[in-house]
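For reference, the structure discussed in these notes is given below.
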């Protein structure tokens with residue numbers, strides 16, 4: 001059984017009148033507000049079932065190639081039994097007990113959030129400095145700045161292609177959960193908070209169904225610039 005919508009765990013796993021069947025394995029692929037390690041597994045265990053939380057990263061193109069990074073939390077033996085299913089989608093990374101897959105996914109989102117801010121800020125700076133942004137991106141791609149995020153988003157931004165591989169709306173939701181978890185952990189991640197506000201601005205302007213690379217639009221608006229389309233690369 002695969003669960004994705006954020007309210008499905010309450011509707012199915014926590015449903016005392018029915019929900020999951022005995023001996024079933026529940027694969028929770030949604031990102032939800034966490035309520036303690038093992039919280040999702042306890043009601044499933046009460047019906048002699050197993051629960052794993054499974055999350056992916058890599059974007060739409062990587063998904064089509066079946067090379068996603070997969071973060072899985074739960075009982076290790078259960079995860080091993082599910083590996084043939086997961087391996088069709090990408091590389092399985094066992095992160096620990098119940099909830100650890102989601103924690104890994106949220107840490108991944110924290111990393112991507114600040115990476116995206118750095119990418120679009122660099123592009124705006126290069127543009128204002130009079131550089132050809134396409135040539136600039138090509139130059140840095142082979143240095144320490146080069147990354148999968150750069151490879152995935154640079155061409156789309158240059159071509160003004162904001163079709164969603166991952167929706168801004170979903171990203172804002174994930175970052176909001178990250179910030180709530182930061183409060184629970186009593187840690188301060190200012191880069192995360194800034195990125196969430198910038199992406200929230202996109203959503204507020206009705207652009208939540210664009211891809212996360214549309215963050216460039218916020219920086220352009222803040223600085224009253226518009227990067228010209230480019231067919232570089």
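Placement of Cβ uses the backbone N, Cα and C atoms for every residue, glycine included.
Any TrEMBL annotation is an automated prediction that lacks curation.
Lifted from TrEMBL, the feature list:
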type	residues	note
DOMAIN	39-96	domain '6-phosphogluconate dehydrogenase NADP-binding'
DOMAIN	99-218	domain '3-hydroxyisobutyrate dehydrogenase-like NAD-binding'
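Mean model confidence of the domain '3-hydroxyisobutyrate dehydrogenase-like NAD-binding' (99-218) amounts to 95 (pLDDT, 0 to 100 scale).
DSSP labels the residues of the domain '6-phosphogluconate dehydrogenase NADP-binding' (39-96) in these numbers: 23 helix, 21 strand, 14 coil.
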